[in-house]
């Protein structure tokens, strides 16, 4: 479930369902002529009151037929749906690890089976729950159901989605005929008495009830029915699965964008970036030392040597002078208690407002993607992401080979990311702050040359992080191995399929230029779908 969007899949199937209902088939036309011609002939010899009464009766019979069809659809869907265990604790275990946060916040190899519960350790918080892997139950029998006393009772067979679609199309078409008949009858002759008026308006009352109650249920049920069991669309499933897995690449690219955003800020001399080396509640260094560190950071930021950037950050972070406890903390309200030098709360609030405005202008699916990023960062699920939690996510995107240097670089970037929008001085990243800072770090390719240049540079950094042997090429196996080590959940076939869709031919490896072109298409295609 983590790597498949049922919402997107059902959206595709919904379009096909509506198309099937709109296109009136020959069978519907023939059935209408066979049934309605005798009815119309019989109505020709009746008085006005009887005609309106028959129209009212037929209208509500259509509604009753729609209700019965809705019930049959729900029953069929239920009988085709696998059951869940009766023990609620097993249901919790069944769906454990299927969220984005669980997938990306811990190694893929971790699962309940990898822990030997048989040693008597039990399940924390689940009491004496069965230690075996929970399984979905088989769907109820298609031809019979279990009675209250355990006896088998015969039930109606499951109908195909085509049969249901034909029935729904017939009902909706006859509904349109009924509405047309009411309009014609009113225009052809006036209503003469109160009974005619009552029947006429009662017949009209059926139409909004049908549209607002029965039709949505029918379309929803029919969409689900033609999306499961033997009538599932494997092509649509594969397409949605690949589109969903593209989000994994966008997720990792978000981290690159944020780190490059910090690096560009340091290169421009932004105080929230250059002074993020100050650890929380540490004494501010003397002016000369501060300027020296700022100049060194800016010089490293302007180049492409990300390993030297990591070494510089690591050295500055471990500097004893920068590690002394604060004896004169800045006053609250003027500078944050975890002050990044002159970056005050007022400046942070202005930056937060700019980011929030930019976030509100993003398409819905981009905002949803940023929410998934925040959900992954918030491992404790308390709505707050600490600097350490953020740094744990950033460390996978560092290009250095020294673990301590990578951790120091990630920690520094995390401090800067939190600090630029930390308008309340809490030192943590909340959802509203996350919206702002990710929006500030995001680029809009195609809107300006500057954004295009930033995007190309960010993608070049992304490529260099994945190209571990630094030979200028990334193979299918190299990319898959990198993603698997960073909780990717993508196979060689997935990568090969994505490359084939983009390049139009099978590829075993791509260059930096080809990788940049492919990732740009992945990002832009995602925005076009919005």
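Every residue gets a Cβ built from N, Cα and C, even glycine.
What TrEMBL says about this one:
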- 365-400: domain 'EF-hand' (DOMAIN)
- 454-489: domain 'EF-hand' (DOMAIN)
- 320-342: region 'Disordered' (REGION)
- 26-44: transmembrane segment (TRANSMEM)
- 56-73: transmembrane segment (TRANSMEM)
Looking only at residues six or more beyond either end of the transmembrane segment (56-73), which have a C-beta under 8 A from one in the stretch?
39, 156, 159, 164, 167-168, 171, 174-175, 178, 199-200, 202-203, 206-207, 209-210, 214-215, 217-218, 221-222, 225
The domain 'EF-hand' (365-400) - residue tally per DSSP class, helix then strand then coil
24 helix, 1 strand, 11 coil
Would you mind giving the whole-number mean pLDDT across the domain 'EF-hand' (365-400)?
83
